[in-house]
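See below for the structure under consideration.
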Amino acid sequence: MMEGHILFFFLVVMVQFVTGVLANGLIVVVHAIDLIMWKKMAPLDLLLFCLATSRIILQLCILFAQLCLFSLVRHTLFEDNITFVFIINELSLWFATWLGVFYCAKIATIPHPLFLWLKMRISRLVPWLILGSVLYVIITTFIHSRETSAILKPIFISLFPKNATQVGTGHATLLSVLVLGLTLPLFIFTVAVLLLIYSLWNYSRQMRTMVGTREYSGHAHISAMLSILSFLILYLSHYMVAVLISTQVLYLGSRTFVFCLLVIGMYPSIHSIVLILGNPKLKRNAKMFIVHCKCCHCTRAWVTSRSPRLSDLPVPPTHPSANKTSCSEACIMPS
């Protein structure tokens, strides 16, 4: 029997899962339709498509892991595929990193030769960055596939108090390498986001000086900086939780562990919602989807209200000649 706070957090986790799948599913469907219609995909759309696809798979894996931890599914099923979950998680982080780099290169204005070179070529580099990330994660994971599984399984099993165990000292170095593999995209993403925030703040300050404080409000730049800052906070939170779980100091049922579950599910869902709100095309399609759902609900409610009740249906005649009545005549509704 689940405790009260665990049951509450489990319901919140399910809400996060549904929200994240809907948000990422919208991104995938919109860009897939564009690909079918136009036979091509812009670099930004390709990044968003890959990121949303990886996050849908990641959220399915997270939900399956949570079901295992809540003893709703056998945890041995998750242990056998934990290497695949690690690959999807790292791929999702790399795609989010390149998305931050793309925004930084396209929006920021930094007078440096290297940055100007990146600004001119980032669109052509996007497919190669995606392909390189996939190859890098797959190759590095499968080179150490046996050791990776030997480390990740005890970390997952240690969440159960009865099966608590520790990673052996022989695997401590490889565990550091795995954590370092998550640190590299974090470092690149942090640098890109900080450069972008600095560029937006510098541009806002220059505009305020040229136009004047009263005439320049800067709401667009402030909202952009807050949006980018939220990306960084969510990314850092996801990384810190991954490192905290790898230290094996948590166990199932603790409030800290349940909070970590919320943080893990929060990143791929809330980040995708912020991406939709900041992208005009995705935001427009999201509004159309909501309006369509409301129209379908209103139409269904109207049809239900107009449907005749059982008491309003015509009572079949009891005369023997009623058997000769056709089926079409018997089903006629009163006007």
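Backbone N, Cα and C define each Cβ position, glycine as well.
The N-linked glycosylation site feature in Swiss-Prot is assigned to ASN81, ASN163. The region 'Disordered' annotation in Swiss-Prot covers 308-327. Here Swiss-Prot flags 29-43, 103-124, 198-224, 278-335 as topological domain 'Cytoplasmic'. What Swiss-Prot records for 8-28, 44-64, 82-102, 125-145, 177-197, 225-245, 257-277 is transmembrane segment, and it gives sequence analysis as the kind of evidence.
Packing against the transmembrane segment (225-245) from elsewhere in the chain are residues 89, 93, 96, 100, 103, 155, 159, 179, 182-183, 186, 189-190, 193-194, 196-197, 200-201, 260, 263-264, 266-267, 270-271, 274, 277-278: each is 6 or more residues past its ends and has a CB under 8 Å from a CB in it. Segment contact is absent for the transmembrane segment (177-197) and the transmembrane segment (44-64), given fewer than three CB pairs below 8 angstroms at sequence separation of 6 or more. Between the transmembrane segment (8-28) and the listed ranges 44-64, 82-102, 125-145, the one holding the most Cβ pairs under 8 Å is 44-64. Cβ atoms under 8 Å from those of the topological domain 'Cytoplasmic' (103-124) belong to residues 43, 192-193, 195-196, 198-200, 203, 224, 228 of the same chain, restricted to positions at least 6 beyond its ends. According to DSSP, the topological domain 'Cytoplasmic' (29-43) comprises 11 helix, 0 strand, 4 coil.
Residues 49, 52, 102, 122-124, 126-127, 281-282, 285 of the same chain lie 6+ residues outside the topological domain 'Cytoplasmic' (29-43) yet bring a C-beta within less than 8 angstroms of a C-beta in it. Under DSSP, residues within the topological domain 'Cytoplasmic' (103-124) fall into helix, strand and coil as 17 helix, 0 strand, 5 coil.
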